[in-house]
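J.: Here it is: the structure, laid out below.
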């Protein structure tokens, strides 16, 4: 997992500068899909959640499709971690995608206590799981 230049404050300011009060988080298996900015705020807002992972994907991305079953399996294996996904083409979340500096797919962003702590960019399930274990400690 890499720590990069994404600033938690930039992400939070992006959320704060919206008037979206709608919550539409949809749960598929043990991974919840974030659809609105309010969903994103809700996902990160509870600092007691511990580790939160967000998978940025698109429906046409081959590597995203390949790792999706592994991501679901990891969500079931690590129940103390909160697993989410965001379609990077969702226009409602374009500001979040930009603030998180998503330039390659899939990208998994890691947050702890509401703060950005790093990312894993690859469709490698072994590497992703290693990053989850390391970030959980």
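The count begins at 1 with the first shown residue.
Cβ coordinates come from backbone N, Cα and C, glycine included.
Residues or ranges marked as active site, nucleophile by Swiss-Prot on the basis of similarity to another entry: 61, 64. Here Swiss-Prot flags 61-64 as disulfide bond, drawing on sequence analysis. Residues or ranges marked as domain 'Thioredoxin' in Swiss-Prot (evidence: sequence analysis): 2-137. Under the heading site 'Deprotonates C-terminal active site Cys', Swiss-Prot lists 55, citing similarity to another entry as support. For 62, 63, the entry in Swiss-Prot reads site 'Contributes to redox potential value'.
Each of the listed features needs to be described in terms of its position in the shown structure.
T.: Residue 61 (active site, nucleophile) counts 19 other C-beta atoms within 10 Å of its own C-beta, drawing on all protein chains shown. Reduced to three states, the DSSP call for residue 61 (active site, nucleophile) is coil.
Taking Cβ-Cβ distances under 8 Å and a sequence separation of 6 or more, the neighbours of residue 64 (active site, nucleophile) in its chain are 55, 57, 58, 105, 106, 123.
Taking the domain 'Thioredoxin' (2-137) as a whole, pLDDT averages 87 in the prediction.
Secondary structure at residue 55 (site 'Deprotonates C-terminal active site Cys'), taken from DSSP and collapsed to helix, strand or coil, is strand.
Taking a C-beta cut-off of under 8 angstroms and a sequence separation of 6 or more, residue 62 (site 'Contributes to redox potential value') has no same-chain neighbours.
Within 10 Å of the Cβ of residue 63 (site 'Contributes to redox potential value') there are 14 other Cβ atoms, across all protein chains.
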J.: Let me know how many other Cβ atoms fall within 10 Å of the Cβ of residue 55 (site 'Deprotonates C-terminal active site Cys').
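T.: The Cβ of residue 55 (site 'Deprotonates C-terminal active site Cys') has 25 Cβ neighbours within 10 Å.
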